[in-house]
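Annotated features in TrEMBL:
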| type | residues | note |
| --- | --- | --- |
| ACT_SITE | 904 | active site, nucleophile |
| COMPBIAS | 267-297 | compositional bias 'Polar residues' |
| COMPBIAS | 382-391 | compositional bias 'Polar residues' |
| DOMAIN | 102-229 | domain 'Cyclic nucleotide-binding' |
| DOMAIN | 418-527 | domain 'Cyclic nucleotide-binding' |
| DOMAIN | 543-643 | domain 'Cyclic nucleotide-binding' |
| DOMAIN | 871-1037 | domain 'PNPLA' |
| MOTIF | 875-880 | motif 'GXGXXG' |
| MOTIF | 902-906 | motif 'GXSXG' |
C-alpha cells in the first residue's frame, strides 16, 4: 500500500516548512534594511559634502589669489629726519648746507672752508634784514623766526615774493654769479623784513672766491649748478607753465655807444629795424633744420665745414657752403672757437673793413632777400671763383681784430690762447644756426649784422622773438655751460658775420684758462631782466629725498611745485584710515596748483618715490606775477581748468571704485609718465641682458630710449664712478640722460651690488623678470631687495620660450609668492632671447628686425611709454559677433591691442582673443559658441520652473566652458577685464582676476532668462554688466590706455512714437488688436522690449559722453538689423563688422589719424633706421661736467 503522512506528521511538516520560509524572508529583509541604511548614509554624506562644496565654492584645481595691500613703504612717508649729529660739522653749517642744495654736492674740505665764513645775525621784529641799496652779496637761511620778502615798485607799491620761515633760505643765484664773476650789484627792489625776532645764518659770496684759487673745479661746479638752475627752473617754471618768454630777457642793452651807433648808421652794413617784442614767426617758416642730416643744424655744419685751424686764410679747392636761391656764399674762415659777449670788446673790430666787404658783396648779382631758407650742400670748385688775395687779406685783418676783442671779453691777456679756436663765417639770411631742442650747440659771437633769438610759445603754435643779438654779443652760453638741449632757436634774419666756437674748442680753452667760464656765464646773466632777478628770489630749487613728504593733509597751501626730476606719489587717506594711491607725478608735471589757487588746505599726502628735485613757486610770487603781467591770469585759468577736469575725472574714477566691490584694475594708471625703469631678475637663470635689449629695441621705435648697465656706466664714466666720492657726478649724469631720453632702462646686476641699489633708488617703476617655467619662489636677489625700502611700484614680467610655448598656468602662484605687485605681464620671447650670444653680437642681434607691433615686447613698450591701445567691446547679443570682424581688420591694418575690456558678449569675444590671439583659433571658438547658441534642443532641456529664471543656466555654462576652458584671468596673454552687476550690493564689479569663464558667464547673464551667478569669492549674485556699464571705455581710460577704441553693438533705443493707451492696459485687448485683420496693431512695447530698454537706460548718458569725447575712438558697426539671439547668422554679422572696420581704418590711414603709438619717432625722418637709432640709444651724448674737465688738468 502507498505510504501516507499521518495527520500529525503532515501538520508538523508544513509547519516547519512555513517557519523556514518565514525565517528566510525575515533574514533577507533585515539584511536588505541594513544594506539600504548604510547606502543611504553614504549617499547622504556625499550629497552633504557636495552641497558644502557648492556652497563654499571650494575647487581643488584653482589656487586662490591672496589679497594684498600696498606695503607701508609705498603709501606712507617717513617721519624721522636724517641723522646729522654724527657728522663732524657744526650744526649751523649742516643747517646751511641742508637748505642750500647748491653746496650739498661738494667734498669735506670745501665744507670746512665754508665753516669759516658762516655768520649768525639776530634781526628784531619789524627790522630789515636788507633793503634796496644794500649789497646783494650773501645767502641767508632762517634758523628761527619769520622773514617777509617783498618787492617795492617805482610808485611805492609793495608786491609780495615769499614768506620765509624756519629752514627756508633767501637767495638769488643770479646775484651769487654776479659776485663771483666780479660784477656785484646792490639790491634794487627787493626787501627782507623780520615779522618776528629771527636768527639768520649768513654766508657771504666771497667765501667762494677764496676756494676758487685752490679748487678751480669748485668754480666750475658752482657756475654749472647756477646755469642749470636758470635753465631747468627759471625758464621751465616761468615759460612752460606761466607763458612768460620775452619778459625774462632784457630787450635793450647798453653797448659801446661808439660801435653801436656806427653799426646802426652805416649805410654799407646790413640794417635791421627793431621789431616789437611780440613778433610772431610761424613755426613752419624760416626753418632749415633738415632731418636728412641727422638733426645737425646749419650752425653745427658751419663749425665743421672747413677745419683750417689757423688764424690765416688758405685757398681751398673744395669746401662746403650755405646756398640759397639768391646765391649767398659762405666764407668759411679758420675753425675753432672762443667765448665772449662784451660790448667794449667790439671796438676792436674795424668797421671800415666791414664796410668795404659789404660793398663788394652788394655789387654781385646775388642780392640777399630776407626770410629765405638756406640749405647746406657740398660745393664744387666750378661753382666758386678763387678768392682774391685782397679779399683774403681783408678777412685776415678782420679776424685779427675780432680775436683781440674776443680775448678782452674772455679776460685773456692776449689772443694767443685763441689760436686755432676761431671760425669766422658769413651767414646768409634765413639760416638757422641752432634749433630749439638741439644738443651739442656752439657759441656765436656777432661780428656784423644781428642774430635773432626766439622761442616757441607754450602752445608750440608759433615762435616769439626774445631779442636780437647785435655786434659784440655772445649767444649760446646757456647750452654750452649746461650741456643740455637748447631752449632757444638762433637764426640770421639778414646776412651777417659771426665767430663760431664749437664745444670742443671751448672746453680745450677752458682747460687752459678756467676763468673764461665766469665771463661766459656773465654774458647770459647780463641779459636777464630785472623781473627775472626778482623771481629768482622767489623760486627755489628744492631737493626731496626718497620717502620724504613734500606736504601732508591739513597743511597750508603756500607753494606750487614743479617736478624737475624724479617722481612724486599722491596718497589719499580715507575716513577709515585706509591709504589709497590716487596718482603719481613725473617730470614736468605740476603739483598742488588747485589748493594754492583756491586757497584751501592740502587734502592729500605727496611723497617722493625717489630722490626728486622740484621747483617751488610761492603763492606770493604768483600774485606778484599776476599784477605785473596780467596775461598770466589766462594761463593760470587754463592750468586750473586742466586740474579741475583732471579732478573731475579722478572723482569719476573714484565713483567707479565706490560702485565697484573691487579696486579698478591693478593701478595701471599711476604708471604713466615714466622716465626711469629698473629691471631686476628673479634669479641668475633669467636672460636679463637679452630681454632688456629686446625691450630697448621695442621702446626705441616709440621714443628716445637709453639702455644702461653697470659695465656700460663704468666704461663711459670710469671704473670708480659707483664709489661714494663720485655721487654728484653720477647723479647729475643720470639726471642728464633722463632729460635727454624719454625712458632710461636700468638693468640691475644679478646680485645686490652698488649698481643694483642705484637702479632701485633711481627707478620710477621696477620690473621683476622671471622665467615662467621655473619655480615661482622668490630668488636670492629678490629676498635681499625686500630688506630695502622700495617705494617704486613693482610689476611682474614672466618670460615664455616660444619654442616650448604653453598657455600660462601658475601665474597666481607667482603673484602670491611675492609682495605687492601693481601689475603682471606675460611675454612670449623669440628663441634668441633664451639663446646664448657672444657679448659683441648682442647689440647687432637685437637691432634687426624692427619689432612687430603685435609682439608682447612691443605691447610692454607701449605700456611703459604710456602709449597703450585699449579695445573696449560692448554687449549686444548676437550683434557682438561683429567684434570678430573688427579685430580681424585691426590685425590687417597693424593696429595692436594692448588691453581688452568688455561687457556681456563683448566680454566673451575679448576673452577668446586674450586666450589665443591666433585669428584662426579665435574664429573657430567663436563659431563653435554661435553654433551651440543656435541649437534648440539644449535650451529645451534646460528649461525650468521660472521662479528666478526661465533656464537653469547649466547648458549655457557648459557652452562657455567648452570654448574658454579652465583659465584664470591672470593667465591671459593680454591684460583683460570684464564688468558685471552685483545685485547683492547694487554695485558695479570690475573683474581682473579669478575664474575667467565664471565672470564671462556672469557678464552675459540676462535677467529673467539666466539666474545670477554666485561670485566664487564672496557669494554675491552677479548679473549682466550691461545693466550698469555696457561700454566700459571710462574704465579702460582709468587703467592707463592712451588710445581707446570703443566698439558699440548695442541695440538702438527703438521707436519713440508709441501709442497712448490711457491709465491702464488690458492684455486681452492687445491680443484682439493683433489677431484682428481689420485693425492696425497698436505701438505698445511688450515685456521683452521694456526689459531690453531698461537694460541700457542707465548707460545712455555714459554712451553719449563717449560719443562726444575726443579721448575715445567710438565705433558703431551697422548691425542693428540683427536680433539679439540670431547667432545662426555668424558669418554675415562678422563680415559686416569687418567691412565697417576696414572702411574706418582706411579713413584713419588717409587722414593720418592712426593711433600715436603706431607712429615711430623716426617716421618724420628719411632713412633713419632702427639700427641707427638704437646705436644712438646705447651711446648717448655726454654729460657736460665742467668740474670733471678742469680736474683732468
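All residue numbers here begin at 1 and follow the chain in the order shown.
Each Cβ is built from the backbone N, Cα and C atoms, and glycine gets one as well.
Neighbours of residue 904 (active site, nucleophile), defined as other CB atoms within 10 A of its CB across all chains, total 30. Contact between the domain 'Cyclic nucleotide-binding' (102-229) and the domain 'PNPLA' (871-1037) is not supported: fewer than 3 Cβ pairs lie under 8 Å, counting only residues 6 or more apart in sequence. For the motif 'GXGXXG' (875-880), the residues of the chain that approach it from at least six positions outside its boundaries are 902-909, 930, 933, 1003-1004, 1024-1026, 1030, 1048-1051, 1117, 1119-1120, 1122-1127, 1129, 1133, judged by C-beta separation under 8 angstroms. Broken down with DSSP, the domain 'Cyclic nucleotide-binding' (102-229) shows 43 helix, 49 strand, 36 coil. Within the chain carrying the motif 'GXSXG' (902-906), a Cβ under 8 angstroms from the stretch's Cβ atoms is held by residues 872-881, 883, 978-979, 1003-1004, 1024-1026, 1029-1032, 1047, 1049, all 6 or more beyond its ends. Confidence in the motif 'GXGXXG' (875-880), given as mean pLDDT, stands at 89. Helix first, then strand, then coil: DSSP counts for the motif 'GXSXG' (902-906) stand at 2 helix, 1 strand, 2 coil.
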